[in-house]
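Student: For reference, TrEMBL lists these features for the protein:
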type     : residues : note
ACT_SITE : TYR29    : active site, proton acceptor
ACT_SITE : HIS44    : active site, proton donor
DOMAIN   : 129-260  : domain 'CRISPR associated protein Cas6 C-terminal'
SITE     : LYS56    : site 'Transition state stabilizer'
Amino acid sequence: MRFKLELRLPAKNNLLPLNYQYELSAWIYKVLNLGDASFSTWLHNQGYLTKGKPYKLFTFSRLQVSQFKIQQDRLQILSGSVSLLLSFYTPVSAETFITGLFRQQQFSLGDAQSRVPFEVSTIQAESGPEFNGKARFRLLSPACVSTSRLQNGRNMPLYLAPDEVNFAPIFIQNLLHKIEAGQLVNSASVTLPALEEVRFTLLSKPVSKLVTIKAGTPQQTKVRGYLFDFALQAPQELLEAGYYAGFGEKNSLGFGCAEVLP
C-alpha cells in the first residue's frame with residue numbers, strides 16, 4: 001500500500017535541517033504506536049527476520065517541496081505545504097487502519113537551531129501499478145547498498161555506487177529477502193526466482209547523497225546512498241516488494257523509495 005500525505009505548514013520562515021530523515025522515521029513509528037504499541041516497538045527493534053536479518057518492510061520519500069532555497073545546512077521551505085509518500089509492504093486490508101492513524105496528525109522536525117511544524121491536511125491511498133515482468137523506476141529518496149570491510153579491527157560498511165560490479169547482485173538479493181519476509185506478512189507462498197533470472201539496468205548517472213543519521217548526538221552516523229533511474233526485469237512479486245518496501249537497505253529510515261516511470 002502507498003499513501004500520499006499533504007502536509008500543511010502553519011508557520012512562516014520555515015528552516016528545516018537537510019538531515020531530517022531520522023526524525024521523520026521516528027515520527028512514523030510514533031504514529032504507528034498510537035494504533036498498536038507492541039507492533040510499533042517490535043517493528044522498530046526487530047522487524048521481520050529473514051536469514052537472520054531484520055526487514056521493516058516500509059519506506060518513505062523525501063519531502064516533496066515545490067518552492068525552496070538551500071541555506072548552508074538548512075532547507076528553507078517557501079511553499080505553504082509539502083507532500084510525502086508513505087509505502088508499506090502490507091495487505092490492502094490495513095488501508096483503513098493506516099489512513100485513520102495518520103489523518104490530522106501534527107508534528108515538528110528540526111533541531112535546537114530551527115524546527116518546522118507540520119499538520120497532515122490530507123492522506124490518500126494510491127492505486128498501485130500493475131507489474132508484468134519489467135519496470136522502470138526513479139528513486140524519490142537515495143538507495144543504499146553496502147558490503148563490509150575490516151577497518152581497525154571492526155567490520156565497517158562499504159557503500160556501493162550502482163555502477164560498481166558488486167552493486168546489482170546485492171541489490172537483487174536484498175529484494176529476494178524482502179519477498180521472504182513479506183510472506184510472513186501476507187501469508188502467501190511465493191517461489192523465489194534465481195538471482196540470475198533478475199536483470200538490473202542503470203538508466204541514469206548516479207547522484208551521491210551523504211545522509212547524517214541522529215545528527216549532533218553521540219550515535220551520529222553517516223550513510224551514503226544514490227539517486228538514479230533504473231530498470232528491473234523480474235517476476236511481479238519482486239517488483240512489488242521493491243516498490244512497496246523500498247529498494248536497497250535502511251528503507252525504514254527513508255532510503256530506497258521509488259516511483260514507476262512510464
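Note: Cβ is positioned from N, Cα and C throughout, glycine not excepted.
Small disclaimer: the values here were computed from a predicted structure and weren't measured.
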Student: What counts of helix, strand and coil residues does DSSP assign across the domain 'CRISPR associated protein Cas6 C-terminal' (129-260)?
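Tutor: Summed over the domain 'CRISPR associated protein Cas6 C-terminal' (129-260), the classes give 36 helix, 47 strand, 49 coil.
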Student: Taking 10 A as the limit, how many CB atoms besides its own sit near the CB of TYR29 (active site, proton acceptor)?
Tutor: 15
